[in-house]
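Here TrEMBL flags 1-21 as signal peptide. Per TrEMBL, domain 'PpiC' is recorded for 90-193.
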Amino acid sequence: PPPLVITMAATTLLWSLVVLALPLVSPFSTPTCPLAVSATLSSLRCPLRSSHSVAVPKHLPRVRAKRGHPLSHLHMNLFDGLKNAIADATREVKVQHILVDKQSEAVDLRRRLEKEGLDSFGSFAQQYSTCGSSKKTPTAKMSQLRGEPGELVFRPGSMDKAFEKAAFDAAPLNTLWGPVKSKFGYHLMVVRERSA
C-alpha cells in the first residue's frame, strides 16, 4: 500500500487508543485508566500541518503510566512504536545516481567525477548510467521524466536494501558516495535532500 495509507492507518489507530482512554478520565476524580491522560476535547483538534509530517496533540507527550500497573510499560511501548512508525513512514530522500554493471567502471567514473566536480554529475548520469532515471530532464512535460538526470525520490522500503541504507543513513549530503553494490549493479550517488 502507498505510504499515505500506512500513515493514515497508524494515525487512526493512535487516535482510537486516545479516544478509548478519554471516557475513563474525569477532570473531577483520579483517573481509573492505567494511563493518566490530561486532555480536553479542544486539545484533540490538531490538523495535519503538511503532507510530510504528522501533528501530535500537545497532551500526548504528557501521557503518564500509573505506578505499579503491570501494563504501563506495554502502553508506553505501544505509543513509542506508533510514533516511530509514523515518523519512519514520512521520511523521504532525493538522490542523484549513476548505475553501471561493473565495479571497475564505477571506480573509473568516480575518479573522473572527483576531477571534474559534482556539477558534471548530471551529464555523467545521462552518458553512462543504465538506469531509466538518467533520461530525466528539468523541462520534460511528463512529471515522471521531469527532474535532474539520475534523480530518484523515495521513501523507506521502496528500493534495494543496500542502496536505501546508503541513501538514508550512510551518505553525507551533497557528497559523492560509492560505489554501492545492489542487485542491479554498482551505483555512484549524491544525496541531494533528506527529510527527517
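Just so you know, glycine gets a Cβ as well, placed from its N, Cα and C.
Note that the coordinates shown come from a computational prediction; the quantities given were computed from them, not determined experimentally.
Per DSSP, the secondary structure of the domain 'PpiC' (90-193) breaks down as 42 helix, 31 strand, 31 coil. Mean per-residue pLDDT, taken over the domain 'PpiC' (90-193), amounts to 91.
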